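Read the structure below first, then the notes.
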Amino acid sequence: MSIRKSLLWSYGSQAITFVVSFSTSVVVARLLSPREVGIYALAVAVSAVLAIFMAFSVHTYLVREERVDRALLRSVFTVNAVLSIVLAGALFGMAFVESGYLGQPDVGAVLLLTSMAPLIAIFEFIPTALSMREMRYSLISAVNVVRVVVTSAVTVTLALRGYGAISLAIGPLVAGAVCATIYTATRWRDTVFAPSFANFRPIIAFGVQMISISGVAQLATRGSDLILGRLIGLSALGLYSRASNIQALVFSNVYGAATNVIFSHMSRELHNRGTVHDTFTTSIRNIIAIMWPLLIGLAILARPVVVTLYGERWLGAALPLSLLMVSTFVTLGFGMNWELFVLRKETARQTRFEMLRAIVGTSLFTVGCFFGIAWAAASRIVEAIVGYFLYRPHMDRLAGTRPGELERIYAEGLLLTGAATIPALLLMLWYRWSPATPMLLIAGAIALGVANWTGLLVARRHPLILEISRLYTRR
């Protein structure tokens, strides 16, 4: 499947999952209190910290390898299964620690349910990884849609029946079981259940490198949630979690959907041509053209958006949301760094960078917690700036870009961002950042911004417009 078709499938499914997930978050916010959301967020943080030490990214190993045979599949299945079982046991144990020793029985109950998720995921691992390797994003996209629909349906049903934070844990469990069944049924020839340790060493070596890179970042993020929950309280964590979930929803559905496809294509291009320049520059240019205006627009409109969607009791999440949007904006200045470092096999250097970012970010976040969730969120901007100065000097070398080429892409992105967001900025300044700013005027400002953005894309003959034109002419 070509990168264009893969992206079309990926974004098509992401559009559906975004609408369903976002709608569900709005409904759940009306049914659950910030404290109940905080309970689930704390349980997720605990499980994520434990999962970091088992996150060997074995699926990435399969995607990256030039040749894959049955023996290798058995080996990666075995490694993944062992790690999943260990993680399930660790979560099971932590459930009793939270309930008994730490006096958080609600968090313990959620962890007890969460401990079953790694065991279910064992059965969909091989089909998912092979589908990514073969760029069969039609299957992946369809299963992702099923996952989010089932999760949302179960979660909302249980929340309506008064199950509280537990409803947020049961939904993903049921969806995981359904998706594992679908993958096993559709790719039954690829299923592997026989254990093997034939290729154990290279897989473990790769996994340790991945833990050092992505694991450090995840540890910093989830560890920060634990710190916030312990220092400020579950209600504050619920508000911060609401803001970070919106940020993650936007980031994963736009940036994440694209880079999952782009990584596979860049890997193939590197094997065939020895370079990733064309795919990287076109992709990062398109991503910035979409993401930067979206992020800054949400940062500007956070107060009326949060109150309109979630209600007055969630207004405290608006300022953290604005600050997190700005931090993500800065992070995209060194976007796709993970893909570049992994493909160029420079993960040791990236490990050092991520450890430094984690130390700086967690330290600043902890200090910020003593002054409130807004200061904690603001620390993420400083962390992103540190990341930019660490990664940017290496981007040209790894991507094969010419000096100044990325800076021109950034300048274009700033121009598009200004054109798209100035109407909303002027409106919010006029209403003094009131959460009661009329939604009709907000819609008008957004429409004007989109018109400005589209006109500028057309005037610059941006590759995003060219891609849309190609899709339209092929209909």
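Backbone N, Cα and C atoms are what each Cβ position is placed from, and that goes for glycine too.
Remember, predicted model here, so these are calculated numbers, not experimental data.
For 7-32 (among others), the entry in TrEMBL reads transmembrane segment.
What TrEMBL records for 38-63 (among others) is transmembrane segment.
Through the fold, the transmembrane segment (75-97) approaches residues 46-47, 50-51, 54, 56, 58, 61-62, 108-109, 111-112, 114-119, 121-122, 125-126, 129, 192-193, 195-200, 203-204, 207 of its own chain, all at least 6 residues removed from its boundaries and within a Cβ separation under 8 Å. For 75-97 (among others), the entry in TrEMBL reads transmembrane segment.
Outside the transmembrane segment (109-130) by six or more residues, the chain places 39-40, 43-44, 46-47, 51, 54, 58-59, 62-63, 68, 73, 76-77, 80-81, 84-85, 87-89, 91-92, 94-95, 98-99, 140, 165-166, 168-170, 172-173, 176-177, 179-180, 183-184, 186-187, 190-192 with a CB less than 8 A from a CB of the stretch. Look at TrEMBL and you will find 109-130 (among others) tagged as transmembrane segment.
Residues annotated as transmembrane segment in TrEMBL: 137-160 (among others).
Feature annotation from TrEMBL assigns transmembrane segment to 166-186 (among others).
What TrEMBL lists as transmembrane segment is 198-220 (among others).
Annotation source TrEMBL lists transmembrane segment at 248-267 (among others).
Annotation comment: TrEMBL describes 287-310 (among others) as transmembrane segment. Cβ atoms under 8 Å from those of the transmembrane segment (287-310) belong to residues 26, 29-30, 242, 246, 250, 254-255, 258-259, 317-319, 321-323, 325-326, 328-329, 332, 335-336, 409-410, 412-414, 416-417, 419-421, 424-425, 428, 433-437, 439, 442, 446, 449, 453, 457, 462, 464 of the same chain, restricted to positions at least 6 beyond its ends.
The transmembrane segment annotation in TrEMBL covers 317-338 (among others).
What TrEMBL lists as transmembrane segment is 358-391 (among others).
Per TrEMBL, the feature transmembrane segment maps to 439-459 (among others). Counting only same-chain residues 6+ beyond the ends of the transmembrane segment (439-459), those with a CB under 8 A from a CB of the stretch are 289, 293, 297, 301, 304, 308, 415-416, 419-424, 426-427, 465.
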